[in-house]
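Accompanying notes for the structure given below.
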Amino acid sequence: MELRAVGFCLALLWGCALAAAAAQGKEVVLLDFAAMKGELGWLTHPYGKGWDLMQNIMDDMPIYMYSVCNVVSGDQDNWLRTNWVYREEAERIFIELKFTVRDCNSFPGGASSCKETFNLYYAESDVDYGTNFQKRQFTKIDTIAPDEITVSSDFEARNVKLNVEERMVGPLTRKGFYLAFQDIGACVALLSVRVYYKKCPEMLQSLARFPETIAVAVSDTQPLATVAGTCVDHAVVPYGGEGPLMHCTVDGEWLVPIGQCLCQEGYEKVEDACRACSPGFFKSEASESPCLECPEHTLPSTEGATSCQCEEGYFRAPEDPLSMSCTRPPSAPNYLTAIGMGAKVELRWTAPKDTGGRQDIVYSVTCEQCWPESGECGPCEASVRYSEPPHALTRTSVTVSDLEPHMNYTFAVEARNGVSGLVTSRSFRTASVSINQTEPPKVRLEDRSTTSLSVTWSIPVSQQSRVWKYEVTYRKKGDANSYNVRRTEGFSVTLDDLAPDTTYLVQVQALTQEGQGAGSKVHEFQTLSTEGSANMAVIGGVAVGVVLLLVLAGVGLFIHRRRRNLRARQSSEDVRFSKSEQLKPLKTYVDPHTYEDPNQAVLKFTTEIHPSCVARQKVIGAGEFGEVYKGTLKASSGKKEIPVAIKTLKAGYTEKQRVDFLSEASIMGQFSHHNIIRLEGVVSKYKPMMIITEYMENGALDKFLREKDGEFSVLQLVGMLRGIASGMKYLANMNYVHRDLAARNILVNSNLVCKVSDFGLSRVLEDDPEATYTTSGGKIPIRWTAPEAISYRKFTSASDVWSYGIVMWEVMTYGERPYWELSNHEVMKAINDGFRLPTPMDCPSAIYQLMMQCWQQERSRRPKFADIVSILDKLIRAPDSLKTLADFDPRVSIRLPSTSGSEGVPFRTVSEWLESIKMQQYTEHFMVAGYTAIEKVVQMSNEDIKRIGVRLPGHQKRIAYSLLGLKDQVNTVGIPI
């Protein structure tokens with residue numbers, strides 16, 4: 001009677017469920033249990049037991065369902081099989097189930113054998129087997145768990161909770177198939193079973209037509225069917241681009257297209273067609289842009305024009321786009337002046353009045369020199385020096401130096417732009433200047449005394465041949481009535497017989513055959529006083545004494561430090577990184593196993609949550625203690641729901657399992673850090689017991705990286721590593737050892753934030769930073785564990801650092817398995833022999849060096865997590881430091897097999913080779929492109945790999961690097977290539 005009551009309540013909900021259904025894409029239904037109204041006659045096993053067809057009436061219409069509810073009879077194995085279903089064109093089918101499940105706690109005594117799930121199976125066949133039923137023919141699709149269960153109060157109120165689940169199966173290869181439902185002790189009513197496949201409808205997208213296509217998947221790793229489209233009239237595939245492709249998903253939906261069609265030159269897009277450009281408009285290339293109006297200084301265009309011709313006197317530079325106005329050369333520069341400064345001339349001018357309509361104005365300066373005696377002239381670029389290159393000036397001034405005296409110079413300044421080279425005429429102005437003097441000498445004081453001044457000077461080397469003597473004029477400052485003159489052929493002079501402590505004005509002038517050259521500026525130099533001379537002697541003596549004292553003090557300090565350092569080296573190890581004892585944590589972790597009653601630890605460190613605040617939505621995995629669900633948690637305000645992950649403790653648990661389950665929650669509850677998984681709370685007073693944590697959308701780091709192979713920048717990967725290191729630094733500061741640090745135990749959220757999780761193997765450290773915890777047994781993850789932890793089962797934060805180095809390698813290889821296919825015994829032997837994981841491909845040198853530091857055999861020489869965070873912060877702040885890549889040998893790093901047999905014989909087939917490197921999804925790509933034999937494959941280039949359709953950078957590199965080893969093997973055995 002209870003089942004019929006359940007059926008009646010479900011019938012009330014059935015109509016609402018049908019009204020809410022909405023199909024995606026174009027669905028082709030193969031089986032619809034509800035529509036057949038009980039006429040299908042499905043097979044039950046064992047016959048007459050278990051599943052039963054029931055009928056209820058709603059709105060004078062019969063409603064049919066299959067139900068089973070043998071919850072108190074011990075172990076159950078009840079099967080319900082559909083009739084044989086012809087699959088038509090389908091390769092992948094969708095199975096939609098609508099059902100209800102009753103809460104096991106609603107039965108008297110809790111029904112210890114009661115379950116709340118059932119199993120879904122399928123079997124393929126080319127013929128209908130009739131009533132012949134064999135379990136071994138069926139393959140399990142999934143365990144079906146309800147999102148909502150019908151509890152006692154719901155059942156009494158006839159408020160039955162209806163669940164809807166959908167699964168996809170494929171690819172199918174036989175003519176038809178069966179579905180089967182296995183009951184293992186649940187109270188289930190199956191109201192609807194609908195099986196269908198999908199088609200992508202005919203579509204016009206981005207100027208390309210795509211035909212109606214059956215929604216199929218190429219393979220499990222490539223669930224999209226690629227469909228080629230055809231361009232509409234006057235549309236073309238862009239040069240060097242890909243033709244229009246759309247991907248038909250297994251859901252019957254078109255994804256964003258790859259490649260495109262563009263309206264050709266002279267045509268523009270109007271809705272879903274290409275139309276010729278109107279007169280006066282043009283389009284120069286196939287693109288998405290519309291036709292453009294002809295620019296200034298062009299002639300009117302005709303319909304469908306691809307360009308507009310320039311008016312007479314106007315031009316386009318080769319690099320000018322056709323959309324740019326036609327332009328002309330500029331006029332000459334304005335207001336050119338030449339200002340002489342000894343052997344220099346400064347040329348100044350202003351921009352031309354007419355720029356020709358362009359902004360790329362540059363100036364070119366040429367020089368001509370003339371000898372006054374003969375009147376001969378010639379170019380002078382080789383003998384003069386410009387302040388900047390003279391033929392591509394953007395400024396409106398330039399200084400010309402090294403000019404010869406008594407010479408006439410003419411300078412021409414030409415204005416040019418991008419079209420000046422298309423005409424023969426020039427636009428320039430000239431300025432002339434006569435140089436009558438040499439450049440002024442540069443004077444400096446070399447030495448002085450109470451009665452003398454030693455003065456030196458210099459002039460340009462090019463002018464020294466014209467100077468025959470130098471004239472030095474000097475006088476006392478303030479005496480305008482007398483002065484002294486000394487002449488010399490050299491570049492220095494000592495002025496004697498001067499008064500002590502007196503300032504003199506000194507000027508040097510060059511004398512040439514033609515007359516006086518330019519004079520230097522007047523310098524003020526002062527002789528020493530008699531007291532100053534004596535003081536200098538005293539100061540000199542004091543300085544020597546001070547120097548001697550400093551030398552003696554330095555020697556003493558050196559000896560003292562040498563002795564102290566020697567004692568330090570004799571008493572302690574040479575630790576290269578910071579000492580953790582310098583920073584004591586503000587908070588210390590408490591081991592929940594020290595509590596006699598684990599409930600006390602739960603009460604102290606966690607928040608108890610009532611199960612009514614938690615909603616389980618779907619199974620996302622299975623943990624050590626039970627199933628893991630994605631669900632929601634009502635906030636304390638009761639209005640907002642947040643997504644959470646829910647770990648459940650399975651029925652029939654032992655006391656040890658209960659203690660370990662609650663201890664993990666007590667451990668997590670003590671941590672609060674951005675890079676540690678956050679505990680929301682626990683359900684410990686109701687069954688099933690639950691641990692509720694924040695929900696991490698991208699799941700485990702290793703699986704996430706394998707799915708996103710090659711999609712992240714190096715900076716993003718280093719950012720992930722920095723987050724993990726920050727979390728481990730926090731744990732180390734709390735005197736806490738993780739013991740199982742690996743990429744599989746790092747969770748990633750939607751913002752790529754990485755958080756440390758899984759504290760099942762973790763243990764506490766004592767107050768001493770170098771204390772260890774010795775385990776009493778249990779499995780150790782060999783590939784991630786430090787050698788001292790493997791050999792002596794002693795774990796420290798230093799052993800966590802070793803594991804962190806392995807995580808770094810996993811991240812940089814996008815989730816490759818450490819040490820590949822080596823056995824655990826081979827891994828331990830290799831590590832003890834000094835082998836370390838080789839450089840990942842495209843790994844920055846600084847990152848690999850940090851890995852090697854983490855893998856130091858002596859644990860005291862490994863960096864602390866604080867050091868690692870600091871190093872990664874510096875690398876992130878200076879991204880250029882990540883551009884230097886470590887040396888990489890693909891045949892060592894990837895260790896992809898290049899032969900199929902032990903005797904070094906190359907792979908016999910291309911598919912065998914691709915399967916060995918886990919790239920079998922590209923087998924069809926190689927076959928279609930004509931690479932059907934190994935001899936052809938080894939001739940492929942990187943461009944060939946891209947051309948056949950391998951688009952992911954990580955997959956391109958994996959195939960390319962495997963080819964290197966393959967070529968070596970082929971050459972070794974002498975196969976011609």
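Cβ atoms are placed via backbone N, Cα and C, with glycine included.
Given the structure is predicted, the values throughout are model-derived calculations rather than measurements.
Look at Swiss-Prot and you will find Asp740 tagged as active site, proton acceptor.
Residues or ranges marked as ATP binding site in Swiss-Prot (evidence: sequence analysis): Ile620, Gly621, Ala622, Gly623, Glu624, Phe625, Gly626, Glu627, Val628, Lys647. Annotation note: Ile620 (ATP binding site) sits in a strand segment as assigned by DSSP.
The feature domain 'Fibronectin type-III 1' is assigned by Swiss-Prot to 329-433, with sequence analysis given as support. In the predicted model, the domain 'Fibronectin type-III 1' (329-433) shows an average pLDDT of 88.
As annotated by Swiss-Prot, domain 'Protein kinase' applies to 614-876, with the evidence given as sequence analysis.
Positions annotated as N-linked glycosylation site by Swiss-Prot: Asn408 (among others). Other C-beta atoms found within 10 angstroms of the C-beta of Asn408 (N-linked glycosylation site) number 15, with every protein chain shown included.
Marked as N-linked glycosylation site by Swiss-Prot: Asn436 (among others).
Look at Swiss-Prot and you will find Ser571 (among others) tagged as phosphoserine.
Annotation source Swiss-Prot lists phosphotyrosine at Tyr589 (among others), citing similarity to another entry. Counting Cβ atoms from all protein chains shown, Tyr589 (phosphotyrosine) has 19 others lying within 10 Å of its own Cβ. In the three-state DSSP scheme, Tyr589 (phosphotyrosine) is classed as coil.
The phosphotyrosine annotation in Swiss-Prot covers Tyr595 (among others), and the record cites experimental evidence as its basis. In this structure, Tyr595 (phosphotyrosine) belongs to neither helix nor strand by DSSP; it is coil.
Mapped onto three states, the DSSP output places Tyr629 (phosphotyrosine) in strand. Taken from Swiss-Prot, the feature phosphotyrosine covers Tyr629 (among others).
Under the DSSP three-state reduction, Tyr736 (phosphotyrosine) is assigned to strand. According to Swiss-Prot, the phosphotyrosine annotation covers Tyr736 (among others).
Annotated phosphotyrosine per Swiss-Prot: Tyr773 (among others), in sequence order, evidence recorded as experimental evidence.
Feature annotation from Swiss-Prot assigns phosphoserine to Ser870 (among others); the stated evidence is similarity to another entry. Secondary structure at Ser870 (phosphoserine), taken from DSSP and collapsed to helix, strand or coil, is helix. Taking the Cβ of Ser870 (phosphoserine) as centre and 10 Å as the limit, one finds 16 other Cβ atoms among all the protein chains shown.
Summarising the annotation, Swiss-Prot assigns phosphoserine to Ser893 (among others).
Summarising the annotation, Swiss-Prot assigns phosphoserine to Ser898 (among others) and lists similarity to another entry as the type of evidence.
Here Swiss-Prot flags Ser902 (among others) as phosphoserine, drawing on similarity to another entry.
Ranking the binding-site residues Ile620, Ala622, Gly626, Val628 by the distance of their Cα atoms from the Cα of Tyr595 (phosphotyrosine) places Gly626 first.
Counted over every protein chain shown, other Cβ atoms within 10 Å are most numerous around Tyr629 among the modified residues Tyr629, Tyr931. For the pair formed by Tyr922 (phosphotyrosine) and Ile620 (ATP binding site), distance between Cα atoms is given as 29 Å, rounded to the nearest Å.
A 10 Å cutoff on Cβ-Cβ distances gives Val628 (ATP binding site) a total of 18 other Cβ atoms nearby, all chains included. Broken down with DSSP, the domain 'Fibronectin type-III 1' (329-433) shows 3 helix, 51 strand, 51 coil. For the modified residues given as Tyr595, Tyr736, Tyr922, the lowest number of other CB atoms within 10 Å of the residue's CB is seen at Tyr595. Closest to Tyr736 (phosphotyrosine) in space, going by CA atoms and restricting to the recorded positions Tyr589, Gly626, Tyr629, Ser870, is Tyr589. Here is what falls inside 10 Å of the CA of Ile620 (ATP binding site) among the recorded positions Tyr589, Tyr629, Asp740, Tyr931: Tyr629. Using a 10 Å Cα-Cα cut-off from Ala622 (ATP binding site), the recorded positions that qualify among Asn408, Tyr589, Tyr629, Asp740, Ser870, Tyr931 are Tyr629. Per Cα geometry, Asp740 is the residue among the recorded positions Asn408, Asp740, Ser870, Tyr931 nearest to Gly626 (ATP binding site).
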